[in-house]
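Student: Dropping a structure here in structure tokens format, bear with me for questions.
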Amino acid sequence: MTTLLNVKDLRAYYGQVQALHGLSFSLNEGSLTTLLGANGAGKTTTLRAICNMVRSTGAIEFDGKPLNNRSTENIVRFGIAHVPQGRGTFTNMTVEENLQLGAITRKDGAGIVSDIERMYAHFPVLKQRHTQQAGTLSGGEQQMLAVARALMLRPRLMLLDEPSFGLAPLVVRDLFGILGKINREDKVSILVVEQNAQLALELADKAYVIETGRIVMSGNAKDIANNEEIRKSYLGY
Amino acid sequence: MELFTNQVLAGIATGAIYACMALAVVMIYQAIDHLNFAQGEMAMFSTFISWQLMQWGIPYWAAFVITLIFSFIAGIAIERILFKPLTKAPVLTNVAGFIALFAIINSSAGLIWDFTIKQYPTPFGSAPFLGSQLISTHQAGMIGVTVLLLLGLYFFFQYTRIGLAMRAAASVPESARLVGINTSWMIALGWGMASAIGSIAGMLIAPVVFLEPNMMGGVLIYGFAAAVLGGLTSPFGAVVGGFLVGVFENLAGTYIPGVGNELKLPIALALIISVLVVKPAGLFGRHIVKRV
């Protein structure tokens, strides 16, 4: 298996405050990897650093090419789609416009049209509401829209920041089911950051545990889920 | 009754100009959250450029198009040189930047073309429109050009990808960057378009107010009133506000005793204050709720 994303000795700063202290991990092509950890551990910062939305040092390589010093909008052109915390919905635009925005860097008009239809097949609720203002959707629907918008890029790697946040358990189950399907069928590699460790470990094949800006544990998702000590001390269930 | 219709139509004609200025102000406000106090001076300078071109013997419509292109490029240049470096600066720094821009453009125009009042031609003529005594052909032309401009802008923003990208960049900049939109250039493009829209307003109103470096002062205040009335967050509201202010201004000047021509401008200012007190978001604006 080839390495798609390789992060080495990543340090990130908010002003004078250092949030990541030399974090290293990698993600294989086609895998679904999860970053776990408590509030403030540095999960979101890691995703933001990959997209150069926060000042950082260290090496970030995507498919062998360095991502450092590239602007956020350029990194998207590598095929990295980031679904940020809070979903980043364009609330005053329609559902369909949100999907078109996901594909704004693509030039193939016909492909975009057929991809929008494909998203409606994945998420039928979005088709029902395609002319509706995105801000009027429920939280779960907005999360579906955010995932669909990211997929419109035809990404090679999707970064998801706490997709389960604020959603009802049943909706979360649904969403994670779809993520697994996207990962298997569309061959999109996924890096998902979660506080809901139990669910993320069921879905993922590989997991890393972050604590105060460092990786403290890594391994197969199954092994970590089955290791009671790790679960109790780091994941809290 | 004829006086009333006449005043309403004349109000719609000048309202068209206010609508353009308000729209230019709102476009920049949406992009960078600041009011461009120099919008009127930029428009005035563009109008002088077109006048100069015509003095050199270039026909009206050719000068009109060249001026549009010049204004578009100049708007982008102003953003790149002056306001891009101020992106993260405090509000007052930006305000100082706008005032500096105002003073620089105003004085440059005075230096190049001096402060004497000049005639400015109208391509439409000033004969009565279609034989009617109610409205002149120039006024009809002002309305016609503005309506074409507004339709063009509507289609641009609603049905083109770059228009969609510009709206996205203005509404949620961070998400826009995450889908690959270069938000910084979208802001520059917004400046270019606002500058070009302003130049159209300047060229259309110049035959009425005559050409001189301070010609847009009053017009811009009406433009601000229109933008505030319609809602600074709504381009559509700004346009509606422009027409409303134009009509209101004329009717107040005609029917309210003691207002006349001299007190029309304070009415615009009174309107700004009343709207801010009664309905701060304007007629069509969104309430902006910020977490603190």
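Placed from the backbone N, Cα and C atoms, the Cβ positions cover glycine too.
Reproduced below are the annotations present in TrEMBL:
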TRANSMEM  B:12-32  transmembrane segment
TRANSMEM  B:58-79  transmembrane segment
TRANSMEM  B:91-113  transmembrane segment
TRANSMEM  B:133-157  transmembrane segment
TRANSMEM  B:185-209  transmembrane segment
TRANSMEM  B:265-285  transmembrane segment
Student: At an 8 Å Cβ cut-off, counting only pairs 6 or more apart in sequence, do the transmembrane segment (B:12-32) and the transmembrane segment (B:133-157) clear the bar of 3 or more pairs?
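Tutor: Between the transmembrane segment (B:12-32) and the transmembrane segment (B:133-157), contact is present.
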Student: Count, for each of B:58-79, B:91-113, B:133-157, B:265-285, the Cβ pairs lying under 8 Å from the transmembrane segment (B:185-209), and report the range with the highest count.
Tutor: B:58-79
Student: If we skip the immediate neighbours and take only residues 6+ beyond the ends of the transmembrane segment (B:91-113), which ones have a Cβ under 8 Å from one of its Cβ atoms?
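Tutor: For the transmembrane segment (B:91-113), the list is 32, 34-38, 41-42, 44-45, 48, 51-52, 78, 82-83, 213-214.
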